[in-house]
Amino acid sequence: MAPVPPGIRFLASFNRDQWYRAFTFSLTFLLYTSFHLSRKPISIVKSELHKNCSALNELSTASSSQLSNLHTAAECSWKPFDKSNYKQLLGAMDYSFLCAYAVGMFLSGIIGERLPIRLYLTFGMLMSGLFTCLFGLGYIYNIHSLGFYIFVQVANGLVQTTGWPSVVTCIGNWFGKGRRGLIMGIWNSHTSVGNILGSLIAGYWVSSNWGLSFIVPGLIIAAMGIICFLFLIEHPNDLRSIHAVQNPAPCSNNNWDTEPLLPQDNSSVSVPVQQVVVVKSESEPSAISFMGALRIPGVIEFSLCLLFAKLVSYTFLFWLPLYITKTAHLDAKKAGDLSTLFDVGGIVGGILAGVISDKLGKRATTCAVMLLLAAPILYGFSMISEFGLGPTIGMLLVCGGLVNGPYALITTAVAADLGTHKSLKGNARALSTVTAIIDGTGSVGAAIGPLLAGVLSSQGWDQVFYMLMAADFLALLLLLRLVTKELTSANVVKPRSGSTTVEMKEH
């Protein structure tokens, strides 16, 4: 008999639970990647909606004196963004999307806890694909109404709120609390991966047909919505019916209920099965209320901190390509490609924040240190464009890591910690509401940041960076109480073993 190949031996070492868990991890990663992929085109297309028309005129006069009046402001830009107040109009489009997203997020978590996650998420992705394509069709059908584009942005912002509470709840159902920071740090890189892919896809068509910069991402998220409907498994318990049909005899000895939800320091199988069933049945009649979620220790502080952290992150998301175009004098495609380095740094920053917070058991302290380091980096970034492409690339990577690190940690591991806090007494249905409150509050900042950037940039880009540094400082201040509590608690409980993970949850 021939020996079994080492690769097959490695694959066979994983049991069925682990394969399903890996599948859910990968699927939810791809699903939310498509959400961010569909949000990114607007930032790439901005520089195409309003071009540097004076430069085009100079180019045309140099080539032919007869064509000196060919390119006017009205001709080279897309109405209604051809006016001198184009930055305010572009900021209003950002604000309309993000404001709708912030308002809808508070409702989305509550609704999501009362509906099947798979169907709720599928609906949101299909509708988001529709509205993203509608924006691109404005180019195909030559639509120049500001009201049309704002309506599409508002509608898209509302339906995109179905995504985050749903995928976080699903991933929380499948993975326990051990190494949560590392696992969710890696998983949360879907945000940056989506931004990078969205930039590359939108940049490919931005100069030739910017309508396709929206239509292609819209079709991708709609297709992922169909995949979600066909394959998403919300909870390990949902597999019990399939397993019961295929293997009726040994069904009672399976541990579908225990492994994904609890830390893997449990060697017993028979007792936890009964406990999890009881917990779930007790939580079925009523989900946690909005005020009940606010009373969980740490929810308010982390939510307000995320408001300012997300303000900084989303200002970069929506305005960085345009900033690079204006300061580095690059075309829309090159600026979009260069802006992806910010998201590459964000991937590293998110994973690093998760690893450090797992090691130290101090989520708030990890966020605070990264926020403290981000402030001088933001100031340096505003000055570095004068020193050439090399320093700009390095600063983009560092700035992306420090800005997106706390944002990624709070929206994933911290939200999951608080959504399974011991004060909930095993209410597994609280995670969606807690996640929605934290991300919804953060989305208020995400709506304010790009709007302020549109207003302040008319007075110079330095004003935008001063605003970002102030927001970063306020986010740091809001965490000081939790940081102090973490540090003092660590000193008090130091003689007692195994206290690190307990203190991590008592924010």
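Glycine is no exception: its Cβ is also placed from the backbone N, Cα and C atoms.
If you look up TrEMBL, you'll see 19-37 (among others) marked as transmembrane segment.
The annotation domain 'Major facilitator superfamily (MFS) profile' is assigned in TrEMBL to 27-487.
Taken from TrEMBL, the feature transmembrane segment applies to 89-111 (among others).
Same-chain residues lying 6+ beyond the ends of the transmembrane segment (117-141) with a Cβ under 8 Å from its Cβ atoms: 31, 34-35, 38, 41-42, 78, 111, 148-149, 152-153, 155-156, 159-163, 166-167, 169-170, 209-215, 217-226, 228-229, 232, 234. Annotated transmembrane segment per TrEMBL: 117-141 (among others), in sequence order.
Marked as transmembrane segment by TrEMBL: 186-206 (among others). Below 8 angstroms of C-beta separation, residues 25, 28-30, 32-41, 43-45, 47-48, 171, 212-214, 216-217, 220, 317, 321, 332-333, 336-337, 339-340, 343-344, 346-347, 350-351, 354, 400, 404, 408, 411-412 of the same chain, each at least six residues beyond the ends of the transmembrane segment (186-206), sit close to that stretch.
Positions annotated as transmembrane segment by TrEMBL: 212-233 (among others). Using a Cβ-Cβ cut-off under 8 Å and counting only residues 6 or more beyond its ends in the same chain, the transmembrane segment (212-233) has close neighbours at 20, 23-24, 27-28, 30-31, 34-35, 37-38, 40-41, 44-45, 117-119, 121-126, 128-137, 170, 198, 201-206, 239.
Positions annotated as transmembrane segment by TrEMBL: 299-320 (among others).
Nonlocal intrachain contacts for the transmembrane segment (340-357), taken as residues 6+ away from its ends with a CB within less than 8 angstroms of a stretch CB, comprise 180-186, 188-189, 191-193, 195-196, 199-200, 313, 316, 320, 363, 366-367, 370, 393, 396-409, 412-413, 504. Under the heading transmembrane segment, TrEMBL lists 340-357 (among others).
Per TrEMBL, transmembrane segment is recorded for 364-381 (among others).
Per TrEMBL, the feature transmembrane segment maps to 393-418 (among others). With a threshold of 8 Å between CB atoms, the same-chain residues lying at least 6 positions outside the transmembrane segment (393-418) that come near it are 164, 168, 172, 177, 180-181, 184-185, 187-189, 191-192, 296, 298-299, 302, 305-306, 309-310, 312-313, 316, 338-339, 341-346, 348-350, 352-354, 357, 363, 366-367, 370-371, 373-374, 377-378, 380-381, 384, 431, 434-435, 438-439, 442, 472, 475, 504-505, 507.
What TrEMBL lists as transmembrane segment is 430-452 (among others).
Outside the transmembrane segment (464-484), and at least 6 residues removed from its termini, the chain residues within Cβ reach (under 8 Å) are 298, 301-302, 304-309, 311-312, 315, 319, 323, 362, 364-365, 367-368, 371-372, 374-375, 378-379, 381-382, 403, 406, 445, 449, 452-453, 456-457, 507. According to TrEMBL, the feature transmembrane segment maps to 464-484 (among others).
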Open item on the list: Counting a contact as 3 or more Cβ pairs under 8 Å, with residues at least 6 apart in sequence, do the transmembrane segment (430-452) and the transmembrane segment (299-320) touch?
Closed with: yes
Per the Cβ under 8 Å criterion, with at least 6 residues separating them from its ends, the transmembrane segment (299-320) contacts 39-40, 42-43, 94, 98, 195, 293, 339, 342, 346, 364, 367, 371, 374, 378, 399-400, 403-404, 406-407, 410-411, 414-415, 418, 434, 437-439, 441-446, 448-450, 452-454, 457, 464, 467-468, 471-472, 474-475, 478-479, 481-482, 507
In the domain 'Major facilitator superfamily (MFS) profile' (27-487), averaged pLDDT is 79
